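See structure below.
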Amino acid sequence: MNHTECRTLILQRLQARDKQSAQFDRIIRSYQYLADSMRHLMTRQKFSSRSVRKSQSSLPQESSLEHEEQIAALESKYEEICLQKGVNDQQLIETTNRLLNVEKELKNTQIERDRALETIEKLKKDLTRTKEEMEQLKSDNRTLFDEHIALQAAYSAVEAKYSQADKERAELINRMKELKEREITLVNEMNEREQQLNLQKLQCDLAEASKPNPVLDAKAFCSVLNIHDSFEVLAADEKGVADVSDSAFAQERFQSFGDVIPERCGIKFECNEIGDVNDVKFHPNGRFFFTAGIDKKIKMWEPRNDNCVKRLEFTGAVQGLTRIDIHIESGHLLGSSNDCAVRLWSIDDQRMRVAFTGHTDKVTSAKFMSDGRQVASGSNDRTIKIWDTITNRCQKTFFPGSTICDLVTNDHYGAPLISAHFDKKIRFWDTRAPGDSPTNLVKFDAKMTSLCLTSDFMYLLCSSRDETLTLLDLRTNDALHIYSAEQYRTSSDYSRAAVISPGDSYVAAGSADGHIFIWSLHSTRLEKILFRGGHENIPVLSLAWHPAGHVLISGDKRKTVCLWK
């Protein structure tokens, strides 16, 4: 509101006040008039009284009476005037009070008016700011609309590129499958040629040994007999290796020693030329054991006195192998690899049967399901896949949302599939259920590294990065025992160095300092620490018990394998 409007408003308010007080002007003027008349009459009365006193002595008696009457009339009129004056005074007081009230109300009205003016100014500013914001929002809306149109056009272009890329991807997958099949065929042909060469060499040696011998003396004749016997032993060994997965040989019974704590390192050797020994595993017959590591090969060894002899070699992996498993009924060997694949070999002829490809990152673990018709694999791509060994296809994929460190299969308690994860959880999966969510979940205090089941499938040993091992009761999912030691340190995030003895009497775990700790399964008492003549401060990555329970095998980070007896 500018100065002119304010002045006009004040003038209007004053005129309204004058209009309200105009009704009292007549009373005030009448009061003033009566007061002036009363003063005038009082003055006249004084003069009349003086003149009457002076003339009383000279005027006749009749004139005196008239003057008295006039005086009485004047006094009566004076009394009326006094009464009227009192009434006027009272009216004046009331009018004054009302005027004060009106002025007070006017003042309050002015205060309210000032407040209203301030509010109006504030609202005007808010209105101006709101208009500016609305204009800005309109401008932003127009910009966003333009960007939306541009993004829509870009999306259409990207969608077309995606369709083309997806088509190319499908073609590349088909080509990759063809190349994989060719690779498997070439590897198998190479293995067959190697076997044929070995067989031809053996036949030549046998033919040479079976030639008619010349007449010799007794001493030379004994030497020839010894040579002939050695060739027969060699032939028997080759036949035994070739038939290692035969059902009769697989059911070979070995003498059971019961669970025995090893005392010393009986055999120590290097199983590869590069480094990590990621997994070790005994054949169920106890005669052979397998090693897998960063050298991209799975090797089968046979302990002989103070040394280990390599019997078979399984090739075909492009990168290092992480986990191995055996299914004795089908005679198959399973290996997971860092090249995002899982491979299946036949033990009897070392032929690669199939390569399961579908993961997008390193495959950390793979296991046979109980019937051998399915394979479960877990990867760093945070997925678990179920593969059919008959159709060679992926049947199901689970999405746990965390890196898989290890897997075990169990058809007795809990769920058919159990997985350990980087997010400190163990998940239970039902591969027969239609959904892809875990049936149960157990939370731990640290990242998991490996799992191992007891022989009765009732308990699960869980290794974690908090330097402890936990025995989980699968019937209640409660922690039954915890195993730890002052010097024990978990080797790595993917170490497989925590196992239970075949008779469920002991727990063994490899440490980052090269020591192997053995606890009692039931009492959790530390029974033994193996270190003399062993891995010599090299982290132990893998561990396995002999099926008879009297030998322990371990592999470390620097290509060394130790057999503890």
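Backbone N, Cα and C atoms are what each Cβ position is placed from, and that goes for glycine too.
According to TrEMBL:
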type	residues	note
COILED	92-196	coiled coil
COMPBIAS	46-63	compositional bias 'Low complexity'
DOMAIN	10-183	domain 'Autophagy-related protein 16'
REGION	46-68	region 'Disordered'
REPEAT	277-311	repeat 'WD'
REPEAT	356-397	repeat 'WD'
REPEAT	488-529	repeat 'WD'
REPEAT	540-565	repeat 'WD'
Subject >> Spatial neighbours of the repeat 'WD' (356-397) far in sequence, C-beta under 8 Å, 6+ residues away >> reply: 176-177, 180, 322-323, 325-327, 329-330, 332, 334-338, 340-344, 403-409, 411, 416-417, 419, 429, 431, 436, 494
Original post:
DSSP helix, strand and coil counts for the repeat 'WD' (488-529)?
Top reply: 0 helix, 20 strand, 22 coil
Original post:
Which sequence positions outside the repeat 'WD' (488-529), separated from its termini by at least 6 residues, show Cβ-Cβ distances below 8 Å to it?
Top reply: 258-259, 261-262, 278-279, 322-323, 364, 405-406, 422, 447, 449-450, 452-456, 459, 461, 463-465, 467, 469, 471, 481-482, 535-549, 552, 554, 556-557, 564
Original post:
Going along the chain, which residues at least six beyond the ends of the repeat 'WD' (277-311) come within the CB cut-off of under 8 Å?
Top reply: 241, 244, 249-250, 252, 254, 266-267, 269, 271, 317-326, 328, 333, 335, 337, 345, 347, 494, 496, 541-548, 553-557, 559-561, 563
**OP:** Could you tell me the mean pLDDT over the repeat 'WD' (540-565), as a whole number?
**Re:** 94
Subject >> Tally of residues which DSSP labels helix, strand or coil - the repeat 'WD' (356-397) >> reply: 0 helix, 24 strand, 18 coil
**OP:** Please list, for the repeat 'WD' (540-565), how many residues fall into helix, strand and coil according to DSSP.
**Re:** 0 helix, 16 strand, 10 coil
